[in-house]
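Trainee: If you scroll down you'll find the structure; I have some questions about it.
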Amino acid sequence: MKGKNKSSSSVEAVRLVPLQQLKSLEAKMRSVSAASRGASPPASPPAPPSRPELLTATPRTRREAEKPKKRSNKKCPVEVSSRRSQRILAAPVAFPAEWRSGHGGESDASESEGRPLSLAVASSRASSVEPRILKQREAALQMHMKRLRHLATQSKKKREEEAREKGRDPRFSAACGPLNLRMVSQAYAFLDDMRKQEKEALQSVVKTGRRAAGDDAGGRAKRLRKATLQEREDAKRELQKMQSQDEARKRRRVELDVRQRANRTEREKIATTGKKPFFLGRKDLRKLVKEELDATRAGGAKNRVKIEERKSKRKLGIERKRDLVPVRRNAQTD
């Protein structure tokens, strides 16, 4: 009974001893036995980590290793600036070696002279940036400098043009008196004959597809050559342009005549009857000009009457369609 009690008490005592102390005691007993035998003690296994070491141990899984650690931002708040980031107008360039040595001192010339500062720093120390990214940055800086150079030349040209004295035509300047369009048209009446000759030449090119190859000493055409398709298209376009310009010029002359005629008759009425002056408005002027142009065109007044009848019929049809009242059909009544 006593032996059984002793064995049970020893087992309970062993259970109460922590596992760490048991392992350390076992290692000591092994070292003592090895010393008594004269052999070197075996390397003891590493002691298990304590509680703080367990907290800082390496992660067991890959997911825990890849998970980023959260850092508190309470102690170091991020500064938020209200200013906009300014654009760099030029790339900083490394200074020559003689400037760094004191303006003319003897020193070895550096390879980074005249290069952008980013490349100089990258070549002077080991950089972790890939060469491909460095090339892209250098290309972006070159494009930026090219754009700045273009803007500088543009502003310089603009300043030169503004500084240069601009010429003026005294014939149409207000400093030389009021402009008299009738006198100008009479003085440059020879231009109408030149325009007429050019129109005839263009009409012949469009109609026949041939144009003069050259002129002899008498001013007559030597021979006619076949015009290309592009030349015929250009001649047709130029002919239409000249015709529209002639129409606008003719309308301007008719408008000037109508205005002068109306002013003359109004002055005579004021002088004879003493009536109040009446000033011709734009609407009345356009109406009189239209009547004058319709009378001078082909067909004269008869053609103008036909055009007016056609317009009135078209307007009447549109008004009838607009005034129609929709009637709802009912199947029961039908």
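Just so it is clear, glycine is given a Cβ too, placed from its N, Cα and C backbone atoms.
As annotated by TrEMBL, compositional bias 'Polar residues' applies to 1-11. Feature annotation from TrEMBL assigns region 'Disordered' to 1-131, 148-175, 206-274, 299-334. TrEMBL lists 42-51 with the feature compositional bias 'Pro residues'. Among the features that TrEMBL reports, compositional bias 'Low complexity' is placed at 115-131. Annotated compositional bias 'Basic and acidic residues' per TrEMBL: 158-171, 228-270, 305-326, in sequence order.
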Trainee: I'd like the per-state residue tally for the compositional bias 'Basic and acidic residues' (305-326) from DSSP, helix first, then strand, then coil.
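Mentor: The compositional bias 'Basic and acidic residues' (305-326) comes out at 19 helix, 0 strand, 3 coil.
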Trainee: Please spell out the DSSP helix, strand and coil residue counts for the compositional bias 'Basic and acidic residues' (228-270).
Mentor: 42 helix, 0 strand, 1 coil
